[in-house]
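Features reported for this protein in TrEMBL:
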type	residues	note
DOMAIN	1-115	domain 'P5B-type ATPase N-terminal'
DOMAIN	133-191	domain 'Cation-transporting P-type ATPase N-terminal'
DOMAIN	234-352	domain 'P-type ATPase A'
TRANSMEM	12-33	transmembrane segment
TRANSMEM	196-216	transmembrane segment
TRANSMEM	823-842	transmembrane segment
TRANSMEM	854-871	transmembrane segment
TRANSMEM	891-912	transmembrane segment
TRANSMEM	965-987	transmembrane segment
TRANSMEM	1007-1028	transmembrane segment
């Protein structure tokens, strides 16, 4: 982020005040709309270290103005921070010692930036603890003194994710300074001067109502987000003196030692778990409904990062269900606060909702302020009705949205990424079989682990997990629950301080005990004394166990077969390993490998490092689990395919398993081929290579081999990383044809989404767990499958446990987008109808009556605009997407033709009137409303009244993204009523309404019928133009799509030839 410093110049400030006074506040209005102009006018440039005001330019090129704040600090507090950090080279906060010791900082998007002297810049306050090591955190278990905590709170700020909820007076002030309402205010003044008193009063009342609705909706959304984000509770911390004290969670700072009770709590900060284990529900943060077991962070010299140490980190906003093993008596746990406020993982997610990335659609909407100038004041509120109706319909279908603007973006999605396990396939798995490895290779397939002969494999499958007990019920990952159940072993956890179990197993601190069933008398119980939880990045987990009496210790590891095999001694891995893995994965089975190694039982097993455990293992065998594809998956993928929405699978599973699932659910057709991409990095012996091979054939293809069949590319995480690093020129070509991304780490999923967006794809992402969290946030449309009503992990949360919500979201998005565009076009056409009427009547020295303006603006246009968006989405998802731009040639072309028809219709009505025998010319001595009623005004008003109704029907496109017009009964009834009233005003206005609307009561019925016929002809021509535009434009995307596909195919053939 680019930062420029500015300092106040007193004489410039006073000069601007004088100019603001002389301009009657207009200059202040300009400064409000463009704050940087105010900075340039009142300040001079200076170094950021001395600045009073900062001008920030973010990565999207947008500029922001922030004020530099100062805060007084206690004397000697800087030295205190240096002592607590205990690092000589640590960055220190620059303090300016004049008469007082001051901290200089600014706030931007909820985050605090402080001046760091050594870096010579304002940095995020989190930079002060970014070098903390695991040893530093363990050293913080002694806690902070009140003085240390007070000083850190001065620097870090309070622990609060404070979503600003502005009071109504401030919201009102900001709203009325909106350029639209400022113009509206000037318009009301102009109408009043021009003696349109009734019209001006009515527009003022409607403006007030419109502003009120806007303020209510804005404040309601802010309150909803604040209730979701803000958490204030009472927590227990440990002081440096050893005492424990209850404080408000708002007072927490990084470095505080947090005491977690046995019954758990709702966590108000991010913290590293140092002692004990915690069972955590992270659904609010990640959408993952399965509780996660968090284990203590081991002391070491490596830097601490919440991303790499995720299984040892407790995140803000998550519910700690149970804590054990970290306190005297066996209950509770101990953690150290690492991040607070907006610097927590939850704060980062909330910030992304509060301050979304700028996109083109927002710029288009801003530019349309020009169009809305001449529109009734209720229409800005009416424009959002399509989104509001869509949000309401989605909620009824179990899809919750915390970012309504994303609904329109759903209509533009051209590619959807899906996680595999739990999203495309069932969450639970069934054990399919076990293969035990031995010196002679693999033994015969055994259907269930409980049927295995006694040995390390059966013990490993029973012990290598993070399953926990909660009130007698097993909780944990569905895969591990099935695995434990299939062994027949039972889980026992320590009671009280655990001394009984500790003594039973040789004095080791026991976390859990696995006991074999009675019939397996040859097996003995094993105690788990250390756990290293599963990590997506590492693709494995491991445990350390001891036997009864502490006679021996064994380490077990479980994970992806490729990873486990790489950590085993080569001679223990059977020669058939690769062929067996290929065979089982090709059948769509989830394959896990298990290995073990003996450990020195006399060593301190509770502090042994993961790296020491997970090496030189002995390969034990393979566990195969059947992961069935959800019945809805194939149907949804087929719908998306027919709708030209590309589907991609992004999974952490084996590539062959992923290919099998892709074929089962229809991502890869039965007559389509899969080409595997294998990329190897640069080594001392070889250059990086990129290979393409067809499934079941082990040779490299050249370009000519790709003819005659449709193909998909499949790539794993390692090859994807090499492709990004060493072959960036091929990356776009691969991304355009790749369907399967396997063994992808969470950060790679996020990277993939961003790379696809660079290719101008509007990317959707559907997932169900923490591994998808980053990708869900990065995607244009993120959908979390979760039982939680709302999750800050993604804009959309679906309670449906399958991907059937995706087509619904796209249909609602397209419907909302089409509705918004229809309303914008209706706005423009309404303005043009009124503009034509006024210009024509001004030309003949008359005008539109006050009451006529009211009738058209309120009873016709406003009512129609409000109910136009009620129509629901089409039941089917069509191949063509709605136009994403109002500046498209078909849209502008149809607007131009409609405008011509409007003008011609009004001119035709005028010329027909003046050609009649009974026509009486205007009084030339009077102008404007003084001439009313007259023939010219009456005929133009009559035809324009029909045109307002006609255009609402013409621009309300139904096919193919909305239900037919007759499904919107309210709109249809209103159309008939308005048409009937307008026809009645033309044919039989009566004396009362003629006087009220200042219309001339023409007695010639044939003439009146001719006006109605002229309106019907006007409707017929505009409707035909609109339908012709719709069907003509619909062919263009197909043609372009065909051309693009051919081009992409040719490009990729060239790429393959080059790589060969």
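Yeah, the Cβs are placed from backbone N, Cα and C, and that goes for glycine too.
Ranked by Cβ pairs under 8 Å to the transmembrane segment (1007-1028), the stretches 12-33, 823-842, 965-987 are led by 965-987.
DSSP states for the domain 'Cation-transporting P-type ATPase N-terminal' (133-191), grouped as helix (H, G, I), strand (E, B) and coil, give 42 helix, 2 strand, 15 coil. For the transmembrane segment (12-33), the residues of the chain that approach it from at least six positions outside its boundaries are 41-44, 177, 179, 182, judged by C-beta separation under 8 angstroms. Under 8 Å from some Cβ of the transmembrane segment (854-871) lie the Cβ atoms of residues 198-199, 202-203, 206, 376, 378-379, 382, 385-386, 388-389, 815-816, 819, 822-823, 826-827, 830, 834, 944-945, 948-949, 952, 956, 958, 962-963, 965, 967-968, 970-971, 974-975, 978, 982, 997, all in the same chain and six or more residues away from its ends. Broken down by DSSP into helix, strand and coil, the domain 'P-type ATPase A' (234-352) contains 21 helix, 48 strand, 50 coil. Across the domain 'P5B-type ATPase N-terminal' (1-115), mean pLDDT in this model comes to 77.
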